[in-house]
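K.L.:
The structure under discussion is supplied below as structure tokens; questions concerning it will follow.
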Amino acid sequence: MSGAGDRGKALAKWLGTGLLGLFLLPMSLSLEVSVGKATTIYAVNGTEILLPCTFSSCFGFENLRFWWSYNSTDTFKILIDGTVKNEKSDPKVKLKDDDRITLEGSTKEKMNNISILLRSLEFSDTGKYTCHVKNPKENDLQHQATIFLQVVDKLEEVDNTVTLIILAVVGGVIGLLIFILLLKKFITFVLKKTREKKKECLVSSSGNDNTENGLPGSKAEEKPPTKV
């Protein structure tokens with residue numbers, strides 16, 4: 001009886017794990033939002049910057065809502081708010097807090113791009129920018145991604161001296177290895193030719209010795225037969 005009870009518990013545990021996996025699987029394949037690989041971007045004061053955002057959903061979308069929010073140490077506000085009817089329509093902006101902001105993305109042809117362009121940057125624009133997406137087709141599932149913008153007076157120039165030195169050293173080592181390999185092949189070729197010449201000389205020398213000694217197969221002068 002104890003063994004049957006243990007098997008029943010194991011079966012119930014297995015079924016519970018399977019059901020949980022089936023429940024979580026749609027969530028793992030559902031709405032995703034991305035602002036790119038970089039978590040922090042830098043821009044010069046007075047210029048403009050594109051804040052990227054794309055989304056994807058394996059279940060499609062209808063009347064999808066998106067919005068961008070800005071958050072700093074003392075400020076929080078919604079920058080832009082809009083909707084996308086379906087995959088065949090472009091996003092429509094319903095609310096925009098700042099005239100410097102324009103929506104640059106498109107959702108046609110599965111681009112699903114809701115990036116925004118921020119012009120005439122100011123130092124006060126430094127902060128966190130979050131792209132939010134809510135999909136009613138997935139029971140109003142919401143997802144977001146955040147990127148940090150740092151507005152600076154000027155972009156620092158990267159000193160590539162060390163990198164150039166490393167590349168020069170690596171290139172020199174590779175060049176040296178190639179030269180050694182070519183030199184090795186050349187020496188092998190010369191030695192081979194030398195051995196072949198030496199072998200030819202030995203054969204030629206052996207033939208000359210046989211001729212002088214009058215051995216069979218030699219080219220010694222034939223003597224006339226002795227008269228009886």
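Any Cβ shown, glycine's included, is placed from N, Cα and C.
Heads up, here are the entries from TrEMBL:
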- 1-30: signal peptide (SIGNAL)
- 26-148: domain 'Ig-like' (DOMAIN)
- 162-183: transmembrane segment (TRANSMEM)
- 198-228: region 'Disordered' (REGION)
- 203-213: compositional bias 'Polar residues' (COMPBIAS)
- 219-228: compositional bias 'Basic and acidic residues' (COMPBIAS)
K.L.:
Report the mean pLDDT of the predicted model across the domain 'Ig-like' (26-148), rounded to a whole number.
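P.N.:
Mean per-residue confidence for the domain 'Ig-like' (26-148): 88 out of 100.
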K.L.:
Please count the residues of the domain 'Ig-like' (26-148) that DSSP assigns to helix (H, G, I), strand (E, B) and coil.
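P.N.:
Computed counts for the domain 'Ig-like' (26-148) are 12 helix, 60 strand, 51 coil.
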